[in-house]
Amino acid sequence: MSILFISDVHLSTKSPYITDGFLRFLSYRAMRAKALYILGDLFETWLGDDDYNLLHINIAKALKALNQRRISCYFIHGNHDFLLGQRYARACGMTLLSSNQVLKLASGKKIIILHGDILCANDNSYQLFRKYLRHIIVQRLFLSLPLSIRSRIFSAIRSCCVQHTKYKSKKKLNINLKIATDMLIQNNADIMIHGHTHQPAIHKIYRSKKNVFRIIVLGCWNKYGSMIEVNEKNNDILFTEFPLYEITKY
């Protein structure tokens, strides 16, 4: 049995082909796994657990089907869906995790998993904005507003963020490898898996010939899905990108 990791699916009513591909992924690929870890930004927008719509209902049913097959599902918040709460998590049968976790495999190997936005430490303005949005009081005030007002506020914030991002350098938008490396050292781990940047890659950092850190970055789902599979028996790690319309053949 294997453990699957995905991130940045960005489900939206505006992208039904991604939704269809994700549902096929859950039905065919995830059903054969031991566990599924969703590392944030499952949804393009999340305004609160009271925002019921057909997309949210269908995704909850599909994830609940994993739970009913005794396949564990875990979720780490992303920067698009950090308001996803316990009510929706229960409907999905998934467990909410804190912003970064250390997994210990049966072999003893440790893997750090996180969404990845906290690694973009060179972007000071984003980190300040993130800290503000994640404050419990700010979140409670926002969630107390009518859904229509929340939607307008979110649209305005997103528009500003899109414009602001256009003028940021690649250095600011990418992760800080030193911070990632320090996190691995502090947790006595040698593998990190994250998303957020939409730049799939495998970074190898050599501390010595025998001591190599691997930082694996998941891609954003669009025409292709992105997945990391960890085989607990032999510690094999497989990074895969696959056409969403061919999941049944995968």
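Using the three backbone atoms N, Cα and C, a Cβ is placed for every residue, glycine included.
Since the structure is predicted, the reported quantities are computational estimates derived from the model, not experimental observations.
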Per Swiss-Prot, which one of His194, His198 shares the Mn(2+) 1 site with Asp8, His10, Asp41?
His198
Candidate from His56, His115 that Swiss-Prot assigns to the same Mn(2+) 2 site as Asp41, Asn79, His196:
His115
What does DSSP assign His115 (Mn(2+) 2 binding site), in three states?
coil
Distant-in-sequence Cβ neighbours of His198 (Mn(2+) 1 binding site), under 8 Å, six or more positions away:
Asp8, Gly219, Cys220
Is any of the binding-site residues His10, Asp41, Asp123 within 10 Å of His115 (Mn(2+) 2 binding site) (Cα-Cα), and if so, which, in sequence order?
Asp41
Within 8 Å of the Cβ centroid of the Mn(2+) 1 site residues Asp8, His10, Asp41, His198, which other residues of the same chain have their Cβ?
Ser7, Val9, Gly40, Gly78, His80, Gly195, His196, Cys220, Trp221
